[in-house]
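Data block below; observations after.
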Amino acid sequence: MFQKNSKALYPVVWLSLLSFTAILMFGRLNFILQYANFDTLEAIPNDLFNSLFIGFRFDLKVAAIAYAPIFLIGLLTANTRFFSKVLNAFVPYTFIVSFIAISVTTANFFYYQTYGNSFDIFVFGLMEDDTAAVIDILWKDYPILSSAIFSLFVAIASTLLCKKYVHHFLNKAYSTQSTLKCTLVVIANILVYFVIARGSIGTFPLKKYHANVSNYEVLNQATPNAILALNWANSDHKKDAKFHKVSFNEYTSQMEKVLHQSDAKYTTPANPYLEKNPPNVVFALMESMGTNLLLEDGNGTDLLGALRPHMQSDFHFNRFTSGTGGTINSIVMMLFHSNINSISHSSAQKTPLFGSAFLPYKNAGYDVVYITGGSPNWRNLKYYMPYQGVDAFYDEVDIKKAFPEAEKLSSTWGVPDEFAFKFAEKILAESKKPMMLMIQTETNHPPYKVPENYDVKPIKVSQYAINKMGLDKTESEKIYGTYQYSSNALGEFVDSIKASSLKSKTIISASGDHRLRNYSIEFPKDLGFARAVPFYLYVPDAILEHTSYKFEKERIGSHRDIFPTLYAFSLSNQNYYSLGGRNLLQVNDIENPVAFNGNVTYTKNGVFNNSTPDVIYPWADSASLAIKPTAMVNPDKSIQEDYSYLQTLFLNAQIKGFTE
């Protein structure tokens, strides 16, 4: 009985593995066809082969793991009367795993289209976000129904094929073998299966680092299948919010290595004028204000509205990048030097951090206020921010009370940006003390919807942008419209402040939280501007007259530089903490500036992708974000890894302290 049943089991198992692998391979090929540049692929045939070959090994590995339980059960029951039921169970089992495989593959396809990455740790940020809003976006912006039908169709096709070969091998007549030969066949099948599941016959199994096959990032993203990418993201997520004590020696050593000093403490210069005349400080974190779309501004398209004259007359840094690719990630990185995006709702949610960007203002006697146009419950910020120095937290509920007309104009994510800015202006006008005020906007977010009370200024969507967004003209115009609306709302806020008595005593700054998503990235051509966001800064003349500064628009920067820059023009002789952020307007810039983003890093030499740090693409010129098409050896390949590790040490030291 065992011989006959085992002979039926082996081909069913191997055919099931091949069928499952074919689904994953199809997903990879479709990914490459849709997102890769064919001219680039022609120049790197070996990289393409490696991506497909290693990807095939990844697919076999996942297939072997997926079918391991039922294969094992089949072997254990091969000498019993239950075997036929086990073999027939391959049919519904195949339907389930095939449906999961194609569904996850399809989801990863659209995830890359939106975020420029295969599944990563940010995918869990979506799950922790406003659930109703996320579901609304998914239903409106993505072909959920057609994707589900397609997944169902593929799963049914795989199931029918499985049913056919299960029936064939279950009813086939088999010749009898010797016990030795039968035993050897069993061992051979198990060993081959084990090697496939391991992915390698060498010392080390097939792992995540094997997916790095090329300097062309699209191939690196295509190599692991969606199931593995999701599994790796889940592993990173599980490690994400586990805090621990750190070695003091290791801490100071890493500080010296990255910052060239033993701690992260700095002090602003003494400034008698600022000491006597502390200004209000406003920082607006603008939803999806990415430079990638801003490059389309002009030639019949107005993406700035009322912000345009201020961008032209005040300070504007163009070679600037966000800290990360997500809103909450950028917030906690910029304010708390955290590389743990879930810190505000983690086990450390009630732990004050001495490195909070708000504390220098708090210690200087400021009122610290946080305004969001969205939900009070988003990421637990309403309850987390007070632990980090925020005196008052306002949200869409408060804004609607102050401006009832905002209610009917609200969208999925909150009130229109203009009302968040009007509320901020109201708070500033009523304040009796200097105020540090941070505003988080919401409108420029999918599903894109221009508020009904706003008339969109002229826009002309280019075919280039339509291709980049993968949308039709109507949907693309919505993105242009909300981008313009948000920029205009910020511009009108600056207009209003400058037209009031607050003009001489209020600093205004703004930056995007991350790139505009739904905008494809062509590697390496787009590497410079793909993750870029603008940084706008208005400093009253009276302060500039009493503070040394030098504006050089070609300076590179990132979110970590924002607060050190604000401190320099608002605080006198005040201590603050920063992991290498600098005053972007200091007279003598540092010799080797670095701008950090979770995906890319800017240096004076050029831009490199953090996943392929061995090579860097040189700047095409000294002022723009354009890069040369040919990479060179990166002399600074370890700086991103060193910086990330410093973030980990600094955050954990604040939360758990030192081991010695």
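Just so you know, glycine gets a Cβ as well, placed from its N, Cα and C.
Listed features, source TrEMBL:
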type: TRANSMEM; residues: 12-33; note: transmembrane segment
type: TRANSMEM; residues: 53-78; note: transmembrane segment
type: TRANSMEM; residues: 90-112; note: transmembrane segment
type: TRANSMEM; residues: 144-162; note: transmembrane segment
type: TRANSMEM; residues: 182-201; note: transmembrane segment
type: DOMAIN; residues: 279-567; note: domain 'Sulfatase N-terminal'
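Here the transmembrane segment (53-78) has Cβ contacts under 8 Å with residues 1-2, 5-6, 9, 12-13, 16-18, 20-21, 24-25, 28, 86-87, 89-90, 93, 97, 101, 186, 190, 193, 196-200, 206, 210-211, 213, 222-225, 227-228 of the same chain, all six or more residues outside its ends.
Long-range contacts of the transmembrane segment (182-201) within the same chain, counting only residues at least 6 positions beyond its ends with a Cβ under 8 Å from a Cβ of the stretch, are 2-3, 6, 10, 13, 17, 57-58, 60-61, 63-65, 68, 71, 75, 207, 210. Confidence in the domain 'Sulfatase N-terminal' (279-567), given as mean pLDDT, stands at 95.
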